[in-house]
């Protein structure tokens, strides 16, 4: 009897390794979340006190969790743009076309969390700086 229970336990553990935890974060294709990164520019820049706006360079990592809605967690590499914060462009108007990346500008890594409940017309975005990124650092 113990042998059967042991075999059942081994199979349960091996099966659990190959499946995802219900309600847990699941890795997704980061390149598909570039638009979400650009939509988070106002929140990222509310945490930034530099002279110029920060803009996404690339999404380094993306994860999605389905609970009461969808929670998307991104790691976004951002860089200093050519647009001054005190200029005519507001953070909500920043795009790749009107605020290009500044050559040699400051770079940082941010964690962006986006919680959405479409049936309630609810969307909440939070951003927090993880760390600065050195100019020669590969990410």
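Backbone N, Cα and C atoms are what each Cβ position is placed from, and that goes for glycine too.
Bear in mind that the values here come from a model prediction, so they are computed numbers and not experimental data.
Looking at 50-54, 55-59, 60-64, 65-69, the range annotated in Swiss-Prot as motif 'Secondary area of contact' turns out to be 65-69. Cα spacing between residue 83 (disulfide bond) and residue 29 (N-linked glycosylation site): 29 Å, rounded to the nearest whole number. Between the CA atoms of residue 99 (disulfide bond) and residue 29 (N-linked glycosylation site) there is a gap of 26 Å.
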